[in-house]
Amino acid sequence: MWSNRFVIRSILKTWFSPWRAYLAEFLGTFVFVFITAGLTLIDLYYEGIGILGISIAAGFIYTVMMYATVHISGGHLNPVITTAVWLAKKIKGHLAFFYILAQLLASFAAAGMLIVIFSTDALEFSLGAPVIEYAFSGQSAIIIEAILSSILVFVFFGTMVDKQNSLQFGPLAVGMVYAVSAVLAANLSGGVINPVRAVGPAIFSANFDYLAIWTVGPLVGALF
């Protein structure tokens, strides 16, 4: 009986002792989704900064949030990154699970906050979920998301994972890749490259039209 309690306590301690890292992933992802989806809503409401501006802003805020969290959690803020790092055996399974859970919860929290700010009228615009302007086959859009996500993973590993070769401008490099990729794919696949950017707003607004593109595509990119 006592041995079972000790084992359970040991497991719980192992799982929840990195709570600061989970919180960092939650907060960083929340800010990223809130700002990018919020900018999309503002653009749809007022025809503001356009796709280019939103994409650059997304890359910028992703960079800033990575710098803010890199020394706490590694600055993933993206299930694609977390999955790739786990597959490379750089983090343990329970850590990857709670990272992704924190990222998803942050996406939902950001979507909920957008409803509070913009009211339920924002549901008409899918709470700022990515907008695909041109008709494009689902298969091709998934391939685009997969390729761009694999490039993002490649740059992340090359600049941030290996401690001996990690660079101080690693988050900047990853953010630039994200911004350029978002501009390139915005009209074709939504330029998501990060499932949580779309999952919260899309599910809260019951817009499932492109959800497979925004989830399957990027996660496939984590495998390469």
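Including glycine, each Cβ sits where the backbone N, Cα and C put it.
Remember, TrEMBL labels are computer predictions, not curated facts.
Taken from TrEMBL, the feature transmembrane segment applies to 21-42 (among others). Within its own chain, the transmembrane segment (21-42) has Cβ neighbours under 8 Å at 48-49, 53-54, 57-58, 61-62, 65-66, 68-69, 72-78, 95, 98-99, 101-103, 105-107, 109-111, 113-114, 117-118, 122, 125, 127-131, 194, 196-197, 200-201, counting only residues six or more beyond its boundaries.
Annotated transmembrane segment per TrEMBL: 48-68 (among others), in sequence order.
According to TrEMBL, the feature transmembrane segment maps to 96-118 (among others). Sequence-distant neighbours of the transmembrane segment (96-118) (same chain, 6+ residues past either end, Cβ-Cβ under 8 Å): 15, 18, 21-23, 25-30, 33-34, 37-38, 41, 45, 73, 76-79, 82-83, 85-86, 127-128, 196-197, 199-201, 203-205.
Away from its own ends, the transmembrane segment (138-157) comes close to residues 78, 80-81, 84, 88, 132, 170, 173-174, 177-178, 181, 184-185, 188-193, 210, 212-214, 216-224 of its chain (Cβ-Cβ under 8 Å, at least six residues beyond either end). For 138-157 (among others), the entry in TrEMBL reads transmembrane segment.
Taken from TrEMBL, the feature transmembrane segment applies to 169-190 (among others).
Per TrEMBL, transmembrane segment is recorded for 202-223 (among others). Long-range Cβ contacts of the transmembrane segment (202-223) within its own chain (Cβ-Cβ under 8 Å, at least 6 residues beyond either end) map to 79-81, 83-84, 87, 108, 111-112, 115, 122-123, 125-127, 129-130, 132, 138, 141-153, 189-190, 192-195.
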